[in-house]
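Undergrad: What TrEMBL records for this protein is below:
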type	residues	note
ACT_SITE	K80	active site, for sulfotransferase activity
BINDING	K80, G81, G82, T83, R84, R161, S169, K286, G287, R288, T289, H290	3'-phosphoadenylyl sulfate binding site
DISULFID	C269-C281	disulfide bond
DOMAIN	71-306	domain 'Sulfotransferase'
REGION	24-50	region 'Disordered'
SIGNAL	1-18	signal peptide
Amino acid sequence: MLFLWLYMFYSCAGSCAGLATRGSPAPPRAAAPLPQLEPGEESSREEQRAAPDAASSISSFFNGSGTKRLPQAIIIGVKKGGTRALLEFLRVHPDVRAVGAEPHFFDRNYERGLAWYRDLMPRTLEGQITMEKTPSYFVTKEAPARISSMAKGTKLIVVVRDPVTRAISDYTQTLSKKPDIPTFESLTFKNRTTGLIDTSWSAIQIGIYAKHLENWLLYFPIGQILFVSGERLISDPAGELGRVQDFLGLKRIITDKHFYFNKTKGFPCLKKAEGSSKPHCLGKTKGRTHPDIDQEVVQRLRDFYRPFNMKFYQMTGQDFGWD
């Protein structure tokens, strides 16, 4: 009966349209251009554009592939904090579907519109969560307002790490691509004699977490942001993933049984990755050996970050133990 109904549906779709146009066919008319929308209006307009017609609904019924939705949760930061590890761990959960590559929508591609952004998302079934991660969102001034405009209820996750270690890791990544860059020590200071830290250098600036968080709290309540410890993600991945699953309203499926510690890389790996029966570790770009840094410079950086760290602990209600 179902196939008979479908046959009649598509037969009518063609023949009825033909009957309607017999006689004096009207010339085709160009579609009127859509008015320009403000960011707050764009979401509703895109929702209207994305409304499925009968044919697409039937297609979805048969292929069971679900629907592309805007993300309900976003890992917004921070760079070199452990965001890739968190995303890969979360993708093990059957109710999490995430984009592999970083979309950079809210910082670099916002002019492309929400329809473009939605199209990047994986298809999800009812009850599944759509996610993405782009660490640079956390330090992008416009990102909070843009995400709030998309959906005020979006859940945000920030993976933070000792800002000194994070800065060295950031430098190490750049050094691997540009071996001729200046030393870490020379980039750290505006004037090494006076000890004035160069906060314009992104590797330093990203680690001033309290400053960036203030911008997010203008648009999102603190309870809507989860702060994950990059250090605990290594020492106790199951514990941190338990907190993340609770925050996302997911059943605690990812546990200790999913991880093993890789001594060569120095961090935990998955016993079975998403869609695979084999163990999976992050690639060679993760876990690079850091260069030796002058300990006097390291101590000066620790002194510089200390008041910002204290404020961040107060704002989040968590002591990350970086001092």
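Easy rule for this one: first residue shown is 1, then count along the chain.
Quick reminder: no glycine exception, Cβ is built from N, Cα and C everywhere.
Fair warning: this is a prediction, and the values are worked out from it, not measured in the lab.
Burial and contacts for the listed features, if you can.
TA: Within 10 Å of the C-beta of K80 (active site, for sulfotransferase activity) we count 23 further C-beta atoms, all protein chains included.
Remark: T289 (3'-phosphoadenylyl sulfate binding site) has T172 as non-local neighbours, by Cβ distance under 8 Å and separation of at least 6 in sequence.
On the 0 to 100 pLDDT scale, the domain 'Sulfotransferase' (71-306) averages 93 in the predicted structure.
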Undergrad: Could you give the Cα-Cα distance between G82 (3'-phosphoadenylyl sulfate binding site) and C281 (disulfide bond), in whole Å?
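TA: About 13 Å separates the two Cα atoms.
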Undergrad: Taking the Cα atoms as reference points, how far is S169 (3'-phosphoadenylyl sulfate binding site) from C281 (disulfide bond) in Å?
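TA: Spelling it out, the Cα of S169 (3'-phosphoadenylyl sulfate binding site) and the Cα of C281 (disulfide bond) are 18 Å apart.
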Undergrad: Validating a neighbour-count step here. Other CB atoms within 10 A of the CB of R84 (3'-phosphoadenylyl sulfate binding site): how many?
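TA: Other Cβ atoms found within 10 Å: 19.
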Undergrad: Work out how many Å separate R84 (3'-phosphoadenylyl sulfate binding site) and C281 (disulfide bond) at their Cα atoms, rounded off.
TA: 11
